[in-house]
Every structure is written in C-alpha cells, then in structure tokens.
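Feature annotations, courtesy of TrEMBL:
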{"type": "SIGNAL", "residues": "1-17", "note": "signal peptide"}
{"type": "DOMAIN", "residues": "145-470", "note": "domain 'SAM-dependent MTase RsmB/NOP-type'"}
{"type": "BINDING", "residues": "C246, A247, A248, P249, G250, G251, K252, D270, D297, D327", "note": "S-adenosyl-L-methionine binding site"}
{"type": "ACT_SITE", "residues": "C377", "note": "active site, nucleophile"}
Amino acid sequence: MIFVLFVEMGFHHVAQAESSALIRLNLEKIVTALGKQEAERKFETLLKHLSHPPSFTTVRVNTHLASVQHVKNLLFDELQKQFNGLSVPILQHPDLQDVLLIPVIGPRKNIKKQQCEAIVGAQCGNAVLRGAHVYAPGIVSASKFMKAGDVISVYSDIKGKCKKGAREFDGTKVFLGNGISELSRKEIFNGLPELKGMAIRMTEPVYLSPSFDNVLPRYLFLQNLPSALVTHVLNPQPGEKILDLCAAPGGKTTHIAALIHDQGEVIALDKIFSKVEKIKQNALLLGLNSIRAFCFDGTKAVKLDMVEDTEGEPPFLPESFDRILLDAPCSGMGQRPNMACTWSLKELASYQPLQRKLFTAAVQLLKPEGVLVYSTCTITLAENEEQVAWALTKFPCLQLQPQEPQIGGEGMRGAGLSCEQLKQLQRFDPSAVPLPDTDMDSLREARREDMLRLANKDSIGFFIAKFVKCKST
C-alpha cells in the first residue's frame, strides 16, 4: 500500500498503486523531489491534518461600514453569549489588519456519548466541526424514538453508506459531539422537502468554534486566512478597474471593493446564476456599490472583435483591467476538515485544462503593467506550481512577483521552478505544524505571538502566485 498524492493530479486518497502510467509518473515526481520515505511520511501527516479543522476561525471585518475595533468589541460580546461566559481571545492579525482570529478549542475528549443518535452526511459533519449547528437537510438517520428536546449524539457518515431515514447505523462514523434536538424524528423524515430549519443545536461539540449563522452579517465575512490574504496580495487601489474572474460566493470580490474604499469598478464573473445572485446579495448586504456581477463563462470573457464596448458587460476588450484575480476552480483538496475522499481520477484530470483556459483569458484581459494573482484552495502540484511553470513559458510577457504580506511557505519542488521562483510563491501546507490540542488552560498560558504563528501555519491548504504583465500580448 502506497500513499499516492498525485503530484500532477494531487489525489490525497490512500490508494493502491495502479497500473496507470499517469499514477506512476506522479509518484515518480514526488519521490524524486522528496524521497520515498519522506513522501510517505508527509502524506500520512497530511491526510490526518485534512480530517481536522484549522486551529483558528477566521473572520474578515467589512471595513467599509465599521472599524475593526468596533466590530471586535461586538464580536467579543457575542462570543461571551455563545460560550456561556468563557473568555476566548480575539486576535487582530498584525499583517492583515481587517482579519480577526478566534482560537478553536478542542478536540474535547470527555464528552459523554448518548444512546439517542443522529447521523449526518459528510459535508454537514465538516460544517459541524467548524462551528455549525445541524440543519434538517443534513440529517441522514435518527434514532427511532428521537423527539424534540432530547440530548443527541451526532455522528458523521464519512463513507456515505447510511440509508436516508434509517433508525440505526453500524457503519463507519465519526463522533462530532452532542446537541439538543429541535425536531422529532417524525418531523425530520415526514417527506416534506421544504423542511430546512435547524434540527439539532450543538451544545457540546468536539471542536468548540463560534457559530456565525446570522451573527453581525453586515460587519463580518467568514473566510479562511489564506482566502483573506490573497486579496491583500492583489493590492487593489482606488479608481482601478478590477476583475474577479471566478468570483462566487463573493468573499474576495467584496474584499476587493472594501480595500479600494468602494471607489473604482469591480467586475465579478461566475457561470452559475444562483452563485451570481449570491454575490449580488453579499454586495448589497455589505453596502458595496462598486461591484457588478455577471453570469458569464470566464473562459469566454475576451471580446474577439475589436468593436467598442457599449454597456461594459462581458465579454470585454483585451487589456481592459488593471488587476485580475483568478481564484481558479480546483480539486479543493486543501479544504479542512475533510473526512471523506470523494474525488475521481476523471474529475481531478479536468481541472488543469480548465485553469489554463481561464488563465489565458486573464492574461489577454490584463493591461500592460497590470497585476494578475492566481490562487487555489488545493495542495496539488499540477494545479499550482506546474501551472506557474506553464504560464511563464507560455506567456513571456509575464513576470513572477514577490508577494506582500508573505505569510505562507514557499512553493513545492517538482515542477522545474528555480529556488528563487519558489520563494516568490505562497503555499499553505496543512501539515506544516503538529495538530494542536487546545483547551482553556493552554489558551490562558499561550503567548500572543505563538498563537499568531500557529494561525499562519495551521490553515487550509492554499496556493498563491502573483504576476505582472510587462508588455502587450
């Protein structure tokens, strides 16, 4: 049995080496770069870390409407209510001034498991580990006599084997903590598809994180640390025309608008209508008027004929934008927690060509001396460093740029980039530090600088590359 993290495809599933030449090629690459023993050790560690949430919950303050200190005070009061008076610190990030960090307490090992059980799907389970309550659509199974007001032990069906509506489940499941049922089993499984309310309020989660369901919605945006960093790396300026090429659900789009003080033009594209509507809703909620969102395929965003724009809608003329963010569709294999590996080889193989089509469109749309930032929330070499190496060869007009702030580690070897080029990238490796075991005592004793260092290291998997366009294409 070999741990194969497809270095070209990036598959972080524990799998037997198959006869596929592609798999052998990927394995050869990672072993060449790291050595077999080190590669296997790293993958085992990585898989373990990916199944746990990051050590901090990260929120971005909407500085367009309020100061960071004002929102921090409001959030402190909210956390006091949620945590029944526990004084959990809120840290302002020193390099990302609009970012607040809240330590996650856990894993808590002394929670008494109850006889009455509910089984939730893997996606719902991942959300619970990051502070969410359980909503009715996420419940797959519930004990026969479960009624409203019961104390329930909640488990995640990480292999997707539990049948909807089952009264018991003996398959592989992961304990998420205890909660109080808001609905009876009969109400949950009464066949009404519109039942979407809260079904179990988590009172003793294994990981104690704040719930942000309708908490200060105009002032806060729940966002992973590297996702908030990427917009600072883009460094948008007031008065510029900026494109967010794959924008849903709008976290980075609204961040761009806030950083330019809502002075300029921020164009957001996504090809799924419901996601575009979500971007518009977020912009309205956060009071940002510089954003225009369109339902449009980013790979077709370049206007091929040179007829002048009429309404400023996509497609756009070449060299129309001062800065472009390409937060590309990807395998998402850096997301945490993720307790279930569900990717197929076909799915993984589809991302690199799509990313290159989007990247090509972005280069064409970027003005000379403009800035292009490419990012993913995955850990694969194929979707990250290999794309950078391809871009630098394909587009001689591009130059790789150092990034500010520099919080992540350097890029991974194996794609043919020089040591200097790797230092200009930012890669967030979820396995960079040992998994912490945080309780209130350790929080009281922890130094601020140590907590900030942990927050920077123990995040989701993420990648950022920054380019400048030197001449017209």
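The backbone N, Cα and C atoms fix where each Cβ goes, glycine too.
K252 (S-adenosyl-L-methionine binding site) sits 13 Å from the residue listed as 'active site, nucleophile', taking the C-alpha atoms as the reference points.
The Cβ of A248 (S-adenosyl-L-methionine binding site) has 23 neighbouring Cβ atoms from other residues within 10 Å, across all protein chains displayed. Straight-line distance linking the Cα atoms of D297 (S-adenosyl-L-methionine binding site) and the residue listed as 'active site, nucleophile', rounded to a whole number, equals 20 Å. The recorded positions under consideration are C246, G250, K252, D297, C377. Their Cβ neighbour counts within 10 Å are lowest for D297. Geometry remark: C246 (S-adenosyl-L-methionine binding site) versus C377 (active site, nucleophile), CA distance 13 Å. A Cα-Cα distance of 14 Å separates the residue listed as 'active site, nucleophile' from A248 (S-adenosyl-L-methionine binding site). Binding of S-adenosyl-L-methionine is attributed in the record to C246, A247, A248, P249, G250, G251, K252, D270, D297, D327, and the widest Cα separation among these residues amounts to 19 Å.
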